Amino acid sequence: MSLDPAIAARLKRNADGLFAAVTQERGTGKVLMVAWMDDDALARTLQTREATYFSRSRGEQWVKGATSGHTQKVHSVRLDCDGDTVLLEVDQVGGACHTGDHTCFDADLLLGPDE
């Protein structure tokens, strides 16, 4: 799969050819996770509506839920104003985090609301 050249031209990638992907739950607005994508992962996501990311540690693409069953059905993809981050709005099935938690941001609260 190849990325539309018009979209590819707008992306700003790091030295490894990657850009950040923030994944948000449709309906609740909760941020579920942050991962990396390359052009091919974004192209696959846009074509299949299955969230596909790039693993820096394994050096390969992975489809969310392919092994765990914790899938992400993509409803929309937005590019930020700088072109270096995409926002995926998804329906999450199961946990988004590799720990099994619904979101990767349940672990530690560093600063809470003013009381």
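Cβ coordinates come from backbone N, Cα and C, glycine included.
What Swiss-Prot lists as Mg(2+) binding site is ASP80, ASP82, ASP84, and the listing cites sequence analysis. Secondary structure from DSSP puts ASP80 (Mg(2+) binding site) in coil. There are 13 other CB atoms within 10 A of the CB of ASP80 (Mg(2+) binding site), with all protein chains counted.
What Swiss-Prot lists as Zn(2+) binding site is CYS81, CYS97, CYS104, and the listing cites sequence analysis. In this view, CYS81 (Zn(2+) binding site) is surrounded by 6 other Cβ atoms within 10 Å of its Cβ, with every protein chain counted.
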Coarse DSSP state, helix versus strand versus coil, of CYS104 (Zn(2+) binding site): coil
Cβ within 8 Å of the mean position of the Cβ atoms of ASP80, ASP82, ASP84: remaining residues of the chain near Mg(2+): LYS12, PHE19, LEU79, CYS81, GLY83, THR85
Rounded Cα-Cα span from ASP80 (Mg(2+) binding site) to CYS97 (Zn(2+) binding site), Å: 23
CYS104 (Zn(2+) binding site) versus ASP82 (Mg(2+) binding site) - Cα distance in angstrom: 24
